[in-house]
Amino acid sequence: MACIKSAQRAALTALAPDAPYLAAGTMTGAVDLSFSASANIEIFRLDFQSDSPDLPLLAAAPSPDRFNRLSWSRPGAVEGDSFSLGLLAGGLSDGSVAVWNPLSLISSEGKAEDAMVARLEKHTGPVCGLEFSELTPNRLASGAEQGELCIWDLKNPVEPIVYPPLKSVGSHAQAEISCLSWNPKFQHIVASTSSNGMTVVWDLRNQKPLTSFSDSNRRKCSVLQWNPDMSTQLIVASDDDSSPSLRVWDVRKTISPVREFVGHSKGVIAMSWCPYDSSFLLTCSKDNRTICWDTVSGEIISELPASANWNFDLHWYRKIPGVIAASSFDGKIGIYNLEFSGIYAAGDAVGAPARQRAPVPKWLKCSTGASFGFGGKLVSFHPVAPTQGAQASTSEVHVHNLVIEQSLVSRSAEFEDAILNGDKSSLRALCEKKSQESLSDEERETWGFLMIMFEDGDFVRTKLLAHLGFEPPQAPPASSPDELSQTLADTLNLDHATITDYADAQFLTDNGDDFFNNPQPSEASLAEDLVSTNGQQTEQEMSGDVVPSDPSIDKSIQHALVVGDYKGAVNQCLSANRIADALVIAHAGGSALWESTRNHYLKNSISPYLKVVSAMVGNDLMSFVSTWPLSSWKETLALLCTFAQKEEWHVLCDTLASRLLNIGDTLAATLCYICAGNIDKAVEIWSRTLKSEDGGKIYVDLLQDLMEKTITLALATGHKRFSSSLSKLVENYAELLASQGLLKTAMEYLKLLGSDEHSNELAILRDRIACSMEGHSKHISLICLPIFCL
């Protein structure tokens, strides 16, 4: 043990039950460095936050005489705030008991002598037995010579009440009372031991001894203590050097001790049983040893560093388990911490084998507890009542499946079922359902595009055209020659029949009056009129608004044509802005001349639709995609659907998407990235929603939305290689699934990343999931092991 605080005093001590204070009273027979014969009562502060090794002194007052015993009551002994620290009593050498108010003593400001509230004078001889009751803090028991035991009621310390003194007689009579102790569970039971070796257990209700006992040799008894947990057991020790052992007695059967602890070589002077754990007992002896015992095994756990003189007083500090106070004849009060005790018992050599590991104190044990484990597991433990005949209580360990994100589990299971077989019809149905359930237009459009990606072959572009609002032309059904002939014959028959029927209807009616009275023009006259009319019309057309051409240009073009110079004729037509003539002549001059003339025409055309024609006939869709206004991105994508070759489709869509992303149109860019099959770019845009709560959704729901779209796009494009950022996203999602107990599903997602680990974290996650799936029972036993070791 290590000494953490100290004060240079040869004094008995008492620790405040509920406050960080230590009281010290000058020890009877002790000699300090100044050889002073004065007696004082002092209070020190237990300041463990300070780095100073010295205990700070708060108050001091003179005492009527020196002390044989010191006791500090719990608060409540006296009503009122002025006694909030309880009472402090000292058994003096002159046979009196002095009682102080420690609160007044601390705050007296130089008038500490006024802090004494009572002086109890009943005994003759030094008062060596003194203790406040834990259960009834206003009761104080005191014992001195002739075995006389007094019970005081200090509820009103100014006017204390003393009950009739208790005194044993006959063979059970006690001599000088050396120590007494209240039972920790029964307020009417108190035990006292004396210098003649007789120990008496008193029943205060009946004012008589309940039982008494002594060992066969009537050894002189110096101290006794009740077991804090076992109300019928107490331990008695002797300061006789010939019998330094500790004897445990059960008051129900006092024929012989229950147990005996042997370790000291000289008489035991003081003893203190740990109030937190009855398996720890402190004793100090005239052999200069202060030992901490394990009362269960009887082994010595540790001991305080040896000093030149022995300790004569010991106490456990109730506010901090494991902290003790010890007073020695070296003139020192030391505060020690049990946590720094050594692992070897006293007398063990360094090279000797270590004894069994010291037991864990109760205050470090957890009676109940829980711990989260990997894979959505919660391990809990709690004590169970010991079975009959068992020496110690045991604990039960339970492993629970803990699901926190119910929505994630249900949605993940539903999505897994939908993509289980990878059937395109099932995946289209999934996308259609997601599109219908979407609350935003962006989500609805995204799932609509994803649904189209699962169409068969080239039908994807046809469906995409229709989705963009462009209905492709319907080719008329091809007709066979027989069908055409039959149609023509039917037409002719129909016309013939019509004419015949008309003629028959005309000549079967007698309309002579009309015919003869209103003569009709003859066919000959009609023909003459037709010729005359046509001639006039032709002249009018020939003489209409016709711009006369330049004869010189006409002659030059004609000369070039005569000699077969089609290229020269075309150039002259283009120079004269005769585009139509140039195209006709170029058609006659061959394909090369035709293409160059056509390209010249399209290049210099200002009509927007001819830009589309130029891209189509020139097979230069990349220039068109790179320059066409982004406000018409749907027309551009539709053009790609119609004319782009299979090998250039993804590049063109990706270029269009990049342009849209640069101007901030993320939805249009995402749709084009979907068409291009660029899953990394699409996921990069979708991942932006994870940084903010979209529509009130929490991170888990947003991550589930993202993974559903990501996996759907991966299945649509057959994408099998993921970037490091996408791999990290899948890894995070798999870890989240594993935390909800979906180990198999999490492993399936990790398999999508392939065998090439992108990070050590991914490899570790795979191993943890695999181990959890294969060796779950092994992990349970490993988790339980530390619990049972406690």
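Heads up, the Cβ atoms here are built off N, Cα and C, so glycines get one too.
Helix first, then strand, then coil: DSSP counts for the repeat 'WD' (120-156) stand at 3 helix, 17 strand, 17 coil. According to TrEMBL, the feature repeat 'WD' maps to 120-156 (among others).
Taken from TrEMBL, the feature repeat 'WD' covers 177-212 (among others). A Cβ distance under 8 Å defines the sequence-distant neighbours of the repeat 'WD' (177-212), meaning residues of its chain 6+ beyond its ends; these are 128-136, 139, 141-145, 147-149, 151, 163-164, 166, 168, 218-228, 231, 234, 236, 238, 249, 251, 254.
Non-local neighbours of the repeat 'WD' (261-303) in the same chain are 1, 222-230, 235, 237-241, 243-246, 248, 309-316, 318, 321, 324, 326, 338, 341-343, 345-346, 355-356, 358-359, 361-363; each lies 6+ residues outside the stretch with a CB under 8 Å from one of its CB atoms. Here TrEMBL flags 261-303 (among others) as repeat 'WD'.
Marked as region 'Disordered' by TrEMBL: 529-550.
Annotated compositional bias 'Polar residues' per TrEMBL: 531-541, in sequence order.
The average pLDDT computed for the domain 'Sec16 Sec23-binding' (557-751) is 78. What TrEMBL lists as domain 'Sec16 Sec23-binding' is 557-751.
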Chain residues in Cβ proximity to the repeat 'WD' (120-156) (below 8 Å; excluding those fewer than six residues from its ends, i.e. six or more beyond): 28, 68-79, 86-87, 89-99, 162-163, 165-168, 173-182, 184-187, 190, 192, 194, 202, 204
Residue counts (helix, strand, coil, in that order) that DSSP gives for the repeat 'WD' (177-212): 0 helix, 22 strand, 14 coil
The repeat 'WD' (261-303) - residue tally per DSSP class, helix then strand then coil: 0 helix, 22 strand, 21 coil
